[in-house]
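*Asks:* Dropping the structure in here first, questions after.
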Amino acid sequence: MAINRWFFSTNHKDIGTLYLIFGAWAGMVGTALSLLIRAELSQPGTLLGDDQIYNVIVTAHAFVMIFFMVMPVMIGGFGNWLVPLMIGAPDMAFPRMNNMSFWLLPPSLLLLLASAGVEAGAGTGWTVYPPLAGNMAHAGASVDLAIFSLHLAGISSILASINFITTIINMKPPAISQYQTPLFVWSILVTTILLLLSLPVLAAAITMLLTDRNLNTTFFDPAGGGDPILYQHLFWFFGHPEVYILILPGFGMISHVVAYYSGKKEPFGYMGMVWAMMAIGLLGFIVWAHHMFTVGMDVDTRAYFTSATMIIAIPTGVKVFSWLATLHGGSIKWETPLLWALGFIFLFTVGGLTGIVLANSSLDIVLHDTYYVVAHFHYVLSMGAVFAIMAGFIHWFPLFSGYTLHSTWTKTQFLVMFIGVNLTFFPQHFLGLAGMPRRYSDYPDAYALWNTVSSIGSLISLVAVIMFLFIIWEAFAPSGKVLSVELPHTNVEWLHGCPPPYHTYEEPAFVQVQRTYF
């Protein structure tokens, strides 16, 4: 029965598919919101109303893309589908908890959309800073609904994290050490540890905000001895690891895609890749105040956060050059996933360079809350995380579905998307350097040219999204069935055919390990 299969599923493949469909749907909602933003900013003057409605759209766009698109697709979708297959486990460690992790997300999204729909909406930005998020500036239920939405999404992520950590550590064949698992599995492990350590801090912060709003506490109100800066510290202690949570599974997917289409049996520098991910995970927790250079910290505090932030570039550079070394000397197959992966490597590096610029606290005083910051994080998210998702999706789509995507169309779609996102976000560097601030619905005429260019870019990206939907629809034609699988022995997830049977590894996998002595 379909209801039993999809609503009460305990199968990692079905739950992974649910996550992918949910993420695709949320991604379209988030894209629609982003187009409203770019329509408002396409020329000087007002289109939609006042700054409140504009900021509600901006806030909803951020939350939808982060919590309901990137995380469900990368961790819930690819993680659920691939981790058990890659380590030879019959399923996840806690299959019913896995189901609950997914089904907490639709109500969470519903609460978020409700928060935008009631009263005046939550026009706080995704950071939800008090006093703007307090009950004076935001009277009504909007911010409270957004807080509850975050609580549900957070519980979902914590449960999923416990599940993945347990699965990856305990459900490998005994003969396999952790240092023989694929890099995607490592990336999910590091990501879920980050989630488990950072989300409780966010929960604490927004719970205190909830009581400040409704129970007359003063955690963040100076009138009662509180401090709004405390909220910023708590939020960014979660918020900075969160941005690494969004990109780390992408690192894992890119490692697999680059190795596969370079004709290599493994990525260059496996151990270096693993340690780099662990280093990024650790360093991600000790740089949070670089989001707060403008709150008036001591010069020595700013010096520390500047240098600690720059140190993260080292393990990141290790990964970038290892990907390039994997490509070197390979027998390259120029298929669409590799194009996405190459786009990822280049554009993620550009985003990383603007990040190094922003790490300088003295420069950041000037660039903070300008479009330079928007350009920076959209290069690493809209062209890092999204490109990784596209590379992984097109690469593993035959595994998930048993059907192949049309090669020429996916290549065309890559080209359109590549032009669209770059045209959207590259001009924003110029706007930021010229001093245009974020989160305003209108601007002086001097900024009109690059804003118009940026908005045209967003329409090109929209065309690419619609093309992608058509390509997926077209793939399910009977002519597109997968007939054979290449290289299953170095890519263990393909071992069971396309698509794999409903239950894999019903008896424990037989593993013969060749001992290597380091």
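Using N, Cα and C of the backbone, Cβ positions are placed for all residues, glycine too.
Annotations for this protein, taken from Swiss-Prot, read as follows:
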TRANSMEM  12-40  transmembrane segment
BINDING   Glu40, Gly45, Ser441  Na(+) binding site
TOPO_DOM  41-50  topological domain 'Mitochondrial intermembrane'
TRANSMEM  51-86  transmembrane segment
TRANSMEM  95-117  transmembrane segment
TOPO_DOM  118-140  topological domain 'Mitochondrial intermembrane'
TRANSMEM  141-170  transmembrane segment
TRANSMEM  183-212  transmembrane segment
TOPO_DOM  213-227  topological domain 'Mitochondrial intermembrane'
TRANSMEM  228-261  transmembrane segment
BINDING   Tyr244  O2 binding site
TRANSMEM  270-286  transmembrane segment
TOPO_DOM  287-298  topological domain 'Mitochondrial intermembrane'
TRANSMEM  299-327  transmembrane segment
TRANSMEM  336-357  transmembrane segment
TOPO_DOM  358-370  topological domain 'Mitochondrial intermembrane'
TRANSMEM  371-400  transmembrane segment
BINDING   His376  heme a3 binding site
TRANSMEM  407-433  transmembrane segment
TOPO_DOM  434-446  topological domain 'Mitochondrial intermembrane'
TRANSMEM  447-478  transmembrane segment
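Can you walk me through where each of these features ends up in the structure?
*Replies:* Outside the transmembrane segment (12-40) by six or more residues, the chain places 5-6, 46-48, 54, 57-58, 60-61, 64-65, 68-70, 72-73, 76-81, 83-84, 91-92, 95, 98-99, 102, 105-106, 109, 393, 400, 424, 441, 454-455, 458-459, 461-462, 465, 499-500, 502 with a CB less than 8 A from a CB of the stretch.
Following the DSSP three-state reduction, the secondary structure of Glu40 (Na(+) binding site) is helix.
Away from its own ends, the topological domain 'Mitochondrial intermembrane' (41-50) comes close to residues 57, 441-445, 447-448, 451-452, 454-456 of its chain (Cβ-Cβ under 8 Å, at least six residues beyond either end).
Residues 12-13, 15-17, 19-20, 22-24, 26-27, 29-30, 33-34, 36-37, 40, 92, 98, 101-102, 105, 108-109, 112-113, 116, 120-126, 142, 146, 149-150, 153, 157, 160, 164, 167-168, 171, 181-182, 184-185, 188, 191-192, 195, 242, 245-246, 249-250, 253, 381, 385-386, 388-389, 392, 396, 399-400, 439-442, 492-493, 495-496, 500, 504-505 of the same chain sit 6 or more residues outside the transmembrane segment (51-86) yet have a Cβ under 8 Å from a Cβ within it.
For the transmembrane segment (95-117), the residues of the chain that approach it from at least six positions outside its boundaries are 7-12, 15, 18-19, 22, 26, 56-57, 59-60, 63-64, 67-68, 72, 76, 80, 141-146, 148-150, 152-153, 155-157, 159-160, 162-163, judged by C-beta separation under 8 angstroms.
Counted with DSSP, the topological domain 'Mitochondrial intermembrane' (118-140) comes out as 0 helix, 0 strand, 23 coil.
When Cβ-Cβ distances below 8 Å are used as the criterion, the transmembrane segment (141-170) is approached by residues 56, 59, 63, 67-68, 71, 75-76, 79, 83-84, 87, 89, 92-94, 97-98, 100-102, 104-105, 107-109, 111-112, 114-116, 118-122, 124, 128, 133, 178, 181, 185, 188-189, 192-193, 195-196, 199-200, 202-203, 206-207, 209-210, 213-214 of the same chain, each at least six residues removed from its ends.
Tyr244 (O2 binding site) falls within a helix when secondary structure is assigned with DSSP.
Below 8 angstroms of C-beta separation, residues 179, 183, 186-187, 190-191, 193-194, 197-198, 237, 240-241, 243-244, 248, 251-252, 255, 308, 311-312, 314-316, 318-319, 322 of the same chain, each at least six residues beyond the ends of the transmembrane segment (270-286), sit close to that stretch.
Taking DSSP states H, G and I as helix and E and B as strand, the topological domain 'Mitochondrial intermembrane' (287-298) has 8 helix, 0 strand, 4 coil.
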*Asks:* Same-chain residues six or more away whose CB lies under 8 A from the CB of Glu40 (Na(+) binding site)?
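*Replies:* Listed in sequence order, they are Thr46, Leu47, Leu48, Tyr54, Ile57, Ser441.
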*Asks:* Among the recorded stretches 183-212, 228-261, 407-433, which has the greatest number of Cβ pairs closer than 8 Å to the transmembrane segment (299-327)?
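*Replies:* It is 228-261, which has the most Cβ pairs under 8 Å.
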*Asks:* What is the number of other Cβ atoms found within 10 Å of the Cβ of Gly45 (Na(+) binding site)?
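*Replies:* Excluding its own Cβ, the number within 10 Å is 11.
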*Asks:* So if I draw a 10 Å sphere around the Cβ of His376 (heme a3 binding site), how many other Cβ atoms end up inside it?
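*Replies:* Cβ-Cβ neighbours of His376 (heme a3 binding site) within 10 Å number 24.
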*Asks:* What same-chain residues lie close to the transmembrane segment (447-478): Cβ under 8 Å, and 6 or more beyond its ends?
*Replies:* 27-28, 31, 34-35, 38-39, 41-44, 397, 401, 403-406, 409-410, 412-413, 416-417, 419-425, 427-428, 430-431, 434, 436
*Asks:* Check the transmembrane segment (371-400) against each of 183-212, 336-357, 407-433 and return whichever range has the most CB pairs under 8 Å.
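*Replies:* When the Cβ pairs under 8 Å are tallied, 336-357 comes out ahead.
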*Asks:* Summarise the topological domain 'Mitochondrial intermembrane' (213-227) by DSSP state, stating how many residues are helix, strand and coil.
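*Replies:* Split by secondary structure, the topological domain 'Mitochondrial intermembrane' (213-227) comes out as 5 helix, 0 strand, 10 coil.
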